[in-house]
């Protein structure tokens, strides 16, 4: 497994891999890997000949008041885990490699970037699409694998790929959960013991709505209210609970197959997201 | 010479060309070709094995009050000219091929897209970079050739290529002029006989400044004033006259080697641009 820090070095290696006609896979991550990431790596490993994992805490997707600086990092551990998964190349660029002074080129899936998480994080998705497009151009993957906890991210990236005519297939992996149902996230580390325990309500509330839907509930509003009540009882501060179409992210008038219930909640100062598909 | 209208067909052909290890060149145009375009085609022809010229009047780079609808078009003539230049593939997509319903992914070189021409045409460069990036992704050129009349466009595209880590080399061709010095442009067709005659003052005024610079003029302001006077005497309505650094597009305090004098002027309702490098 090679560790590459410079864009030019990565491009050189990729060019030689391309020449040999090998199929390239990419899993972009911000590091501090958990089983969620590793499940994506395993999916990608099966679908390509040369597997690249990027580890980069991307500053352009963090707002000025957000946790860019304190976002957890542990490269040594990440490398150990990735080696065990048979990764071929870890791309670990510095911020200045990715964003040289005077950087000013951004790609944005407009409007969609302001929905859901984008309402409270207005520059977030612009940062995500920009860095992902850069990774695509550097690594030139045939396939790239993204997680489903960040459902909106995956939808937006698929939209970008289609509309910019990129030659990469986007694959999504399932949400991996702790034993109490909390979706795995590097940010779970921020939670106090009590917050961690209470945070399990996120998935419980999503499952409650899905059960109610299976029993006949079709109105979005009572579904949202049911979730809000459960979450607030556990001290969660709701950023949003929304019922949207899984492909267009537009609010639905009726719950149905293909409706995504998406939620973002603060426990203390930690913002967690989760979702379930009806 | 093949004429291809669909993105998927173009991609298929490009994939097979790539497999054969051929070097691909691209000249993006809006058609209604003149000697300026053809000079770019000739440059590209020498530098690649497989030459693609795109002909597409790109709606996203026109403002709502601009000339998208009346922009001149003559595909038959364009095809005849391109065939004579030994072009391999003409990509001539429809608007709906390039921008399917619900299109919302844009790339922008922020701030630079609002300088010079971008001040009066705020969405113009966002449209240019978006369509050019799409062409790059479809055609996957090793080199792409752009004209220098649209100097800001070339600077912005080079910046995009660098910052998005694209694998294409941008080459620029010289401005091709009519015998009286007017830079060739598809929009010259809009000019009345009188406006056409008066429009020659654009290049004359640029040359006057360059002569004055060679004689020792270093202050931008008198240079701009000299040009404005000449242009206004011929009935031109000045959009801007600016003296900027050729790489950063920032206004200079002193004229020097590498300063770009750029001008945009209305003759009647027709907006013309030109520039000269000191």
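Just so you know, glycine gets a Cβ as well, placed from its N, Cα and C.
What TrEMBL says about this one:
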ACT_SITE  A:37  active site, proton donor
BINDING   A:30-37, A:147-150, A:176, A:184-187  ATP binding site
BINDING   A:61  beta-alanine binding site
BINDING   A:61, A:153  (R)-pantoate binding site
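Positions of TrEMBL features highlighted on the structure.
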residue : record                    : contacts (Cβ under 8 Å, 6+ apart)
A:30    : ATP binding site          : A:55, A:56, A:57, A:58, A:71, A:186
A:33    : ATP binding site          : A:77, A:78, A:81, A:82, A:186
A:36    : ATP binding site          : A:147, A:149, A:173, A:175, A:176, A:183, A:184, A:185
A:37    : active site, proton donor : A:27, A:29, A:147
A:61    : beta-alanine binding site : A:123, A:124, A:125, A:126, A:127, A:128, A:131
A:148   : ATP binding site          : A:154, A:172, A:173, A:174, A:175, A:275
A:153   : (R)-pantoate binding site : A:125, A:128, A:146
Can you count the other CB atoms that lie within 10 A of the CB of residue A:186 (ATP binding site)?
-> 19
By a three-class reduction of DSSP, residue A:186 (ATP binding site) is assigned helix
Across all chains shown, how many C-beta atoms besides its own are within 10 angstroms of the C-beta of residue A:176 (ATP binding site)?
-> 18
